[in-house]
Structures are given as structure tokens and as C-alpha cells.
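Down below is the structure, laid out as C-alpha cells.
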Amino acid sequence: MSSDESDAASNKEEDTTLSDDDGSDVEIKNSKKDRKRKLASESEKSGSDDDDDDDDDEDENVTSKKSKKQKRKNKAPSGRDFLAWDVEVDDEDEDDDNDYDDEDDPSMNAMNEREEAERAMKEMELSQRNRDRYKFQNMTEDEVQKYFENKYKGDKNDSQYDDEDSAMDDISKNSHLPSTKDPNLWIVKCRMGEEKLVAMHLMRKCLAVEHTNEPFQIKSVVVKEGLKGMIYIEAFKQSHVMSAIEGFSALNQFTITMVPIKDMVDVLRVVKDIPQLKLGSYVRLKRTMYKDDLAVVDLVDIAQNRVNLKLIPRVDYQKRRGAMRTDADKNYKLKRRPMPKLFDQDTIKEVGGEIVTDGDFLVFEGNHFRRGFLYKYFPINAIQADGVKPTLGELEKFQESSDDLKRELETASLKDTENPFVPGDIVEVKAGELVNLRGKVMTVDGTKVVMMPDQEDLKEAITLNAHELRKYFKEGDHAKVISGRYEGHTGLIVRVKDSTAIVLSDLGMEELKVRVRDLQLCADVTTGVDSLGQFQYHDLVQLDHTGNVGVIVRLEKEHLEVLNMHGVVNRIKPQAIIAKKDVRFAKVLDSQNNSIEAKDLVKVIGGPNAKERETDEDPVGEVLYAFRGTVFVYSRKVTKNGGVLVCKPKQLILQGAKKTTSTPMVSRMASPNPMASPRHSSGGMTPRSPQDGMSSRGSSGGQTPRQGGGGGRGGHFGTANQQKVRRDLTLIGKNVRIIKGPMKGHFGIVRDATEDTVRVELHTQCRTISVDRARVMVVGDTGITAGSGGGSSFYSSSKTPMRDSGKTPMYGSKTPMYGAQTPMYGSMTPAYDGGRTPAYGEGGRTPAYGSKTPAYGDLDEHSSSRTPAYGNDSSRTPAYGSADGARTPAYGSTEGGRTPAYGSMDNSRTPAYDDSGRTPGYESMPSRTPNYDSSSKTPAYPESEHSARTPAYNNDYDIPLSPAYEPDAPEAYDNAPARTPAFVSRTPGYDTYENSSPTYEPDAATKVEEDIGDTSSPTYDSPPHSYVVPTPGAMLNPATPGAYHVDTPGFAAPMTPGSGGAYDQYVAPSPFAGYDSNNYNNADGAIEQIPDHFLAQGVWIVQNLCVQIKDHEGRFNGREAIIKDVTDGKVDVYMPDHKCNLEVDFDQLTPMKPQPGDDARVIFGQDAGHSGQLVSMDGFEAVIRSQEDMSDMRVINIGLCCKMHSET
């Protein structure tokens, strides 16, 4: 029977069945059974035919037949498998039915199967349409209802089978549960941290004895992750466990506990920790670039184990993208995390970034942004949801308005933390009918709070929910922070607004912004000790192994803030601190060489911590520590960094110490004023007077200049050797009383003393303080203080002899006094006769007797007045005879022992010169200093006698000479070195003539003798060497000698300005002939400069200021930048030239000078903060007109202004 005939028969049978009158489901099932029987008969016939065909192949190999069967089983199912009416027949001929395919070709099999499946599907669709068409024609409504009920109601047999399957599953699971026949679990105590190590040792020991006569009887060892101090051992008996752990010191053999059978399953059960995330809750990231950043949960997808977070993006705005990308940008690697900042699409477009829009979102580099925030999916295990407490600063960044922040603070859930209320708290009702009702908490029971109202009409306690209350504080309350970042701090509440409070800390005197619920009324003051009790407030700690130290300025719950030696605050954990430092006995010298140490009171006079305006007071504080040239000072008036200042010793001055008036001996090269005269070792006091307030002890005034004092061999150049502080042993050990200052009235014993300061150990206090010597008096003395220097001087002969009215000082010829006016007619210094300074005459010269330095004369002169005094014997200083070379400087008449040594005709002079180049020189004697060639005389002069003496003089004019000159002086005077002071310049000089041009005439020196009123002034050639000493003070109107401690010329090897070194920028020649444009001030001479320390602090930096970049990458240095934002000590600027953003530090910015028409802002001075438009400039003065008030126009120094970026 063919397949077409069978199909037609089946269709005919189907039509016949559907046309029956009963139309019941039973007949439909019978028709299906008949159809299945026919198909089965057809398959038997085809099977019999196949059997006949297979008789010829009976001799084939059995192995080949089995392999074919296996291949048939592995083939894809045929189309017949998809037919619902196909039934299985008996299994007798199952092996034969598998060989229905003609060939084993896979392609042929697939093609045949596809054709059969398509034909079968067409037949099913046709039959289904026919059944749906005629199914309900002859059925009543009840029959149709019954049909659908039977079709869709549940099958009881199916549910029965499901119950049986579940029961089998339960039985199979229960079979794995431990029973009494299984080994037990035993708990063994273990040393903390060695659980895994012990398990490994047990395994090795078990393997070692496995094949011996006594193997271990334990089955397994279990170590649970996170469970410290115990392990589990599986064994039948406790004795088996004890024998296995014998010899392990890390295990406790005497405490072995068995786990109950019912609890054994829970021991090894692994519970997946899924955080309970809620929409809008705050979380933190554990890893990625956003580690420790705060985020808000936006969507939770538990199925895919991820969560969508809203957070502040970290986008690198400096990286060029797209078409603007260069070869250098291709190798660009992000070295640091970008700053968190809201997404700025304009900046991204400027660097070449491409942004697309997806609804409300902006898509950039695969990330979605909305309203500046980043929305991104993260794995759930990458976030931390427990214990997240955002700070107020972080909450402000996430809130789009102040109302959102207020709402966030007010609706902060109390369920996440413990009940913040305790009995005794003052609370206020924030919601409900009793809003704003205040009272006192009586008891707390879970989330219920019993409050006693403070109203007179309400005398009964009220029970309220905790979330309906909030703590109430008023200004002036003393509170303690019980949670949060500032936990443990105490302070005074200075302001309360909504749910936040401003607390003034007791330790650092700084304002803390905390939430009200984190506060609690407290009468105690914090001890300033951290939670571990290891460090204390204001402790000096070592930060690293390089010697960097710092002072603790803030204590937090888990961190410390340390102010290091460089003035930078580091926030570190206590574990990062190496050790505490003990430098209580360290001492340093302040700017006046006073010794300061811990607990001394000092004043800050320089550096970044000095006063910013002249009207302000200098900061005063107590020395906390002195360490390696760094002093930590605590000032109560400073709130920054807890009042701790980092200063250098030279920026401080000891309070109560007398300022030293003497100028330390420095060389010309180190002089702060290049026009000053060369300095003497005695600071210009030659000889030194006892009325200068200083002891002559240790003084070099009036002594013979030391060997090498001119910078030659043995010279000191003003080093510490000459400034050494000497101790006064006469006062040590005496009882003194403080008569002045803050410690007035205290008694003590002197432990150490110098010329200016004494160290007094107080009797009433266990401390030693430094006191000015003038403020203490020895007990038992009658009103005599322990003045500077204490006892007598070393030498009485070092002072200027005082024996008549012509001496200085003395009445009659004192300076100033009548007849000694300065200036007076003729520019005399002082007036003629006995008022000259220093006066000359008998014994009145400076130094006395012949005005020689060192003074000497003939053998019959008074030897006691010489400085130093000497006679004709070896007591001279240094002693010398008339012909030996021991003079100071030693020289003979013709030898080269002079200083500088030279011969009479050679070029070894300093500097070398010929006979006509002495300065100031006359005649042809070979001992003038300094000297150089004739073309550069200072001042120039002819070789006539008395023509170029310094100062110039003539017997015909009553012009005083300094030092005094006598025509009949010994010849040694005329042969002495060059005289001082200068040529023609009277002291103090004034000229009645108006013309003072610094021109030079060759016979200028001669004209002085002929006409003292000559107005010509000499000019000078540049010295041939930088160490040539010029004639001091020419045309500079020098002051009265001695008033400014004028040193002996030539001493300490003065350096000619302009020859390099420290004063290379001062190009004025010497002698000075007028100001040059490149001198001390700028060209305009009046532009005010902003201190560098003020610029480095960054307090002047505001948005839209135009600045210049320095100390950065080469392509950015010197470029203009516009300030966009200031965050966490960093400045975010925009570079118009590079069209990119840049992050810099405060000290990398300098303000730009505005031009007329620019917007400007005053950043320093009394008008700081004033802004407007720069209307005009007149030199250094700028006229700035305020944009708010057009009538407000101010004239401000241009050096105090900075250009502002204009939006228009």
C-alpha cells in the first residue's frame, strides 16, 4: 500500500468519524486507535520486505553491524519524532527498525529527514484546520462546555506523579544526612592565626603514617574561613583525635568538644551573603578607579548579581581624543586618578570627545551620564553596603539643591543605626501633632522613647517613636561627638541650624560641622588621647625613616592629622607612625641669637606665618618643640591647624629678650647695602665707648685689627667664631629676683647666663625660663640689676682715653652740642675747633695720640693710650721693634712683608699698581691700600703733596680732618696707609652750589686747594678687580662718623658691587654716583610686591581669575590659565591655548597683571576682595571702577591686582 493511498484512507476515515451523530470523545479516541493500527500494519509489511532484503547480508561481520547501530543512535532525531500520533510498536523488531535508511551518508539522511518533516507538518496543519472547522458544528453547548472542562482541568495522575517524584527527592537528600553510624565532628581549640598551617601539618603527618602499623583514624580536617581559634576534625572517637593531634603545640589536647549530629549540617553550610540593598541607599566601592567613592543605589538586579549606581564620575579631561589625538597622546597613560567632578560635556568636546544622546542620558566612552552624574552597573560583591556613613560634604555633592540636602538630613533613617537617644537627652518632636514640643528623655525601650514634656500643662510622660524625635541643642551648650568622623571631640555649640550644628572644638579651636543626632551633652573636656591610648594631642611623632617629623593637630576615630616640618597636614593612620620623639631639651637660636627651647614665649616676625598687614599684630605663641632647624609654635589666637605654626628659628624672636643693637661683623661681600663703607671687626666702633650699652668684654672695638682681617690669611669674614655667645660665670649659682615682665616677683637660681640672657630655675615652679638680664636682680643687692656683661672689662686701655674736654665722649665737645651742629657752615663735621668728631688735640684723637690705628708715635709719647697699649718693649700687640718684621701687619722699610705684601717696585701689590695709582694716594711711598694703576685713581689726583688726602684739607681753610692731621706729625704718619674718610665729601655734606654733576677734571684735586667751592665731582673707572676697595662715601653725604658703626676701611676685604656674587644685580659703581635703574627697587620704584608665602597659601584664589602656570610640564609653563574650581587643596584650571583642563597646586600659580579695559580683582592689601574694571593706569597706580557701584572708583597699586576672565 503506497503512502498516498494510506493518506487518503486516513482522511476518509477522519471525515467519517467526524460525521457521526454522537460525536463523542470516545469515538474520536477510537478513530485514533484505528489509524494507529493501520500504520502499525503498514510498518510490519515494510519491515517484512526489509527482512527479505537483509537475508543476503547475513554473512556480514557482527562488529560492523554493531557499529552501524551505534551510529544510528547518535544521529539527530528524524521528523517522525515530532508527530504526536506516532506510536511505538513492540520491541521485537527494534533492531531491524533502526536500519530504515538506505545509506549512511549524513547529507542524504539530513535531506530525507527534512523532506519528511516538512510533509508531516503540512499534513498536521491540514488536519488541524479540518478538525477546528467541523469540531463544534454538531455539538451542543453542554457538550462544548464539557469538552473544555475535560481539556483544561488538572490531571490527578500528573499531580500524583509529581508528589511521588518530590518524595523520592526528599528521600535521596535525607540519605546524605549524618547519622549515628557516621563519623562525628570534633571541635579542637587552635592558636589564633595558625588554623590552616595546622591542617597542612596534620595532612602530612597522616600521609606519613598511612602505611604503618598504626595509621591515623581521623577522616578529615575542616578549617572554616573566617572562624578563628578552632578547627574541626572528623573521627569516630575522641581518642582517635587525641592520638592524631599529639605533638602539636598549637592545638589544645585537653579541650575537645563533639558537635551534635543535628548541628553537623550547619557547620559546613555555605550561606551566600547578599546585601540588602534599597533604592536610594548609600554604598561605597571596594575596587576599581572609584574605590572608596560614595554612590547611591539606583537599580538592583539580583538575577544578574549586579547593581546600578549613581556616582560622581572621574573623567580625565586632559587626554585628547578623536581627531585631536596626537602620537604623544597614544602613549598617554593615566598616572593618577582624576578628580571626582560632575560631567562637563563642553570640556569633553574641546578635547575631541564624541558624545551621543540616549534619551535623558549622555553616552561617552560607553558610560551613561545624566545631570553630571555617572550611572553604571557594578557587581554586588564590589560594593560595601554596611556601615556606610556619608559626610556632610559628600551629601552636599549628591544633592541637586539645598532643599534636597535638608530633606536628606531630616529624613535620615534611624533604623540603620542604634537608637541615638539616652536618658537625660533634651529632644524635640519633629513630626505629628506634637511638633516642636520639647522635653527630656526618661527611658528608652527599643524604638520607643518616653519623654517628659517641659510644658507646665503637660505633667505626664509621653511615649513616642524614635523616628519622630530629634535632639535639641541651644547655642552655648557643651557637647561631645559620639559618632562620625569627629567621634570623641568635645566643644562648644556656636550655631544650630535644622539638623546640623557647628561645634567649636576644645582642642584645636576649630569649627566642626556635625549632625545633631551625633551629639550628646557633656560637661567633660576631651583628653586629647586617641582611641588606642598611644598618641596624644600635640605629640611630636616621626613619620618616616628620613627624619621627617610632625605634630599631631587632630585626633579622629581611625586617623590622625599630623602637621609635618614643611607645613603640610598629613592624614594618616596610627599604624603608619614610626615612633614618638622626645626633644624637650633641644635648643636653637632665634633671629637675635637668643637661645630658645620648649615652653619659651616667642614672637613670629617673618616667614609665611608672619602678619599679613602692617596693622596686624605679630603672632605670639609658646614653643612646643625645636627639631633640626624647625620650631613648632602653639598660638592660641590662631585657629588653623589647631594653632600650631611651623617656623624657622630665624623667623622668631624671644619675648622679653633685649634686641642686640650692635651690627655683626660681615664682609663687604655679605653686606646688605653695597654702598656702605667697608666694615670693621668692631662693627664700626673704633674705639668702643663704654656708653654704648654693651660691655667691652669680648669686644674688638679699639683693638688692633686682627691678622687677616682684610680677607687675607686668617680672616674670619664675620663667621660664628666672632659672634660666639660667651657665658658669664660670675652670675651662675646666685639667687635672683625677676623685677620686670610677666614673671615679675618670682625668685630663682641662675643656672646659666650670657651677656644678654640668664636661665633662671624658679623656686615655686619646676621649670627653667629664659629672662632678659636687665629684668633680674641679685638678691641682696640694692637696686642694681645684673646688667649686660656683669663684671669689669678685660682691658681698660681699649677705651678712648678721657682726660680733657676734647675727648669723645665728654662735655664741651660732645656730638651734638653747641658749636658742634651737624651740618654747619662749610659742611664741617662737626664745627671747627673742639667740636670735631672725633676731636683732635692732645689725646682726643680717635684712637688717641696721633690718630693712628693702631696708634703709635715716637718713643717719648705716652704709651698707655695706644690701642692696644704698648710701650717700647715687647708688650705691643703685636709687639715689634723698629726694624723687625713683627709689625701688624708686619713690614719693613724695603721688604715685602706688608699686608698685602709687595715690594717697592714689583707688581705683587693688592692689586698691583705703579707709583701713580695709590688710593687715596700721594707722594710715591709704597704702602697705600688699595692701589691700582694711575688711570683709575679713587679719586684721581696729581702727584703733589697733600693733594689727595682723605678727607681733603688745607691749612688755609678751617676744614676739620678725620682723623685729625697735624702738619708736624711724625713721618710715620705720612707714610701710614690711606686715610679715612673720603675725598671732598664732607660729613654730613651739603653744598651751597647747585651743580653737582659727576664729571671729572684731571686737576680736580688741585682745585680743591685753590677753591673749595668747586662743584666738579670726580668720576671713577671700574676697578680692575672685584675685591678692590673703593674710596668710601664719595658724593653720598656720609653721616657723622660712628653713628652707623663705620668700620676701618680695607678690613674684611670688601667686594666691589657688580663683580658677581650676592650683589651682581646692583651695578652702581663705587664710589656711588647716583641711582641706576637696576638697583634695589623696580624700574618704576613703587610697584608693591605680594609676598611669596601669601601666594603659596592660595587664599587669594577664586574662580575666573587669570593666572600663569609655573613649575609644571614644559608645555604649560608660562601659559595663561583660568581658574575653574578649587577642591581639596587643588586648583582646576582651564588652559585656553591647549583647550584642556589642568589640575595644579597653589604654589604653581602666579597672578596675571591686568591691562586697561580688563576686569581686575585686588588680591592683597587693605582693599583685598574689591573687583571691577581697570579704567586707566598712571605708572604703578591703577584706577578700578566697581561694576556694582559705578561711582566707586579706587586707586590701587597695580602690583596688588590680578586679571579676571570676562564672560562676555
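Glycine residues also receive a Cβ, built from the backbone N, Cα and C atoms like all the rest.
For 39-48, the entry in Swiss-Prot reads compositional bias 'Basic and acidic residues'. Positions annotated as compositional bias 'Basic residues' by Swiss-Prot: 65-75. The annotation compositional bias 'Gly residues' is assigned in Swiss-Prot to 707-717. What Swiss-Prot records for 420-447 is domain 'KOW 1'. What Swiss-Prot records for 473-506 is domain 'KOW 2'. As annotated by Swiss-Prot, domain 'KOW 3' applies to 595-629. Residues or ranges marked as domain 'KOW 4' in Swiss-Prot: 730-763. According to Swiss-Prot, the region 'Interaction with SPT4' annotation covers 182-274.
Secondary structure of the domain 'KOW 4' (730-763) per DSSP (helix as H, G, I; strand as E, B; remaining residues coil): 0 helix, 18 strand, 16 coil. In the domain 'KOW 1' (420-447), the DSSP tally of helix, strand and coil residues is 0 helix, 12 strand, 16 coil. If one looks beyond the domain 'KOW 3' (595-629) by at least 6 residues along the same chain, the residues whose Cβ comes under 8 Å of a Cβ in the stretch are 538, 540, 547, 549, 551, 565, 567, 581, 583-589, 635-638, 643-656, 725, 742, 754, 757, 767, 769-770, 1091, 1093-1094, 1096-1097, 1165-1166. When the region 'Interaction with SPT4' (182-274) is classified with DSSP, helix, strand and coil residues number 28 helix, 24 strand, 41 coil. Here the domain 'KOW 3' (595-629) has, by DSSP, the following mix of helix, strand and coil residues: 0 helix, 15 strand, 20 coil. Each residue in the domain 'KOW 2' (473-506) gets a DSSP state, and the totals come to 0 helix, 18 strand, 16 coil.
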